[in-house]
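Per Swiss-Prot, domain 'MPN' is recorded for 73-208, and the stated evidence type is sequence analysis. Annotation comment: Swiss-Prot describes His154, His156, Asp167 as Zn(2+) binding site, evidence class sequence analysis. Swiss-Prot lists 154-167 with the feature motif 'JAMM motif', giving sequence analysis as the kind of evidence.
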Amino acid sequence: MDTPSAALHRHTVGQLRKLLLHREGSAGCGRLQPALDGSQPLDSPLSTVPSSRSQVRVQQELWKQDPTYFQKAALSALACMKILRHAFDGGDMEVLGMLLGYVQDEMIVVVDSYRLPVEGTETRVNAQMESYEYTVQYLETAVPEGLAIVGWYHSHPGYGCWLSGIDAETQTLNQNFQDPYLAIVVDPKRSKASGVIDIGAFRTMPETADTRSVSSHSNASRYGHHSARYYELEVSYFEVPQERRWCDSRLSVEPPKPADATERAMLAQLLEAAKACKNVKRLQTVDRALVPESIGPYALREQADQDLQFRRPLRSFSSNSIARRSSTEVALGNANEELDPLPTLADANLRNHDSPSADMAMDNTSISSNEEQPHLTFQESSGVQLNAAETEYFDIKNELLTLKLLEYQKARFYRDAFTL
């Protein structure tokens, strides 16, 4: 079974747009349900930078006069998909991140989002000092001019979109410190089960009688025991023209594959070539240990001459004895020749081997064979084998490195082009 993160990665950008739907139901508290399948265009009255009129409204701080001044929250397709992917990556653990955007009239516009390094459990997420340091560094280096932090988001894996007591307290502190501020909650498990994104946007209110009476009409079972402390905003989605053209384009890049049959075959060939090099080097080491390097063709010739001097008296003695035996047995030999005029092949070979000239020929043949096959010939042949094995090894290695480099380039391009 695929994990939620793996299932999300298989979707194209156009298919991910279909996930930007609200959950169905009549008790939507004024939620919008825009169609994102292309038959009905998205609401696109917004841009990625605030207007001058919006900046004037921010300076007036009208939300301080009306606790429920903000009634709408607009999320860009980019921010929404990044939030959803972060929640999917977290799995059963809660995740947390920050929202970037601006204020337009009574609507908080969320243009982008980014993750925070936090400690999360199944029911709680804690931001440590490292998270605040990361937030400051991110604002100084990666946030475009005109955008600011307009809220935070976290996930509720499997138990709906609402604010707990700790969530409401955190939102109240942030609203008092850096208002306008928005809290977004997303449920990745329900989003995957229903096929539409389950998300909610909330703001807290001062604890007054009027707000308590208004919030008492909400469903406490849905929004929790602290539903009187906050209210929900309408959520809509928008796309900037650049995002729409990119989603409608026919750009298609397949994710790079980590390994295939070709790579496995090349790895096997590389191991075989390495073993061949090792075996040739081992044979060279054994041969040098058995035959000293000082033995060469001249040393072999001297050794053969010494053997020849020791063998010659013995060979002459054997020939003289054969001559004496032939003089006493000549009659018997003549009789045998009359019976069998043709000598046998064995007798001819025996006479040839017993002759002194044959002895000299054999000695010369043994000396010449020793001269033609010195120890250096084996070294040269083993050196040729080693060079061939090393050449094959380095060729396969370079081809494999080239293949991995191309795979890295594809992975880098895919990450730069499609990472949200």
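Each Cβ is built from the backbone N, Cα and C atoms, and glycine gets one as well.
Not measured: the values here are computed from a predicted model.
Counting only residues at least six positions away in the same chain, the Cβ atoms of Glu94, Trp162, Val185, Val186, Asp187 sit under 8 Å from the Cβ of His156 (Zn(2+) binding site). Across the domain 'MPN' (73-208), the model assigns an average pLDDT of 78.
The local packing around His154 (Zn(2+) binding site), expressed as other Cβ atoms within 10 Å of its Cβ over all shown chains, amounts to 25. Long-range Cβ neighbours of Asp167 (Zn(2+) binding site) (same chain, at least 6 residues apart, Cβ-Cβ under 8 Å): His154, Ala183, Val185.
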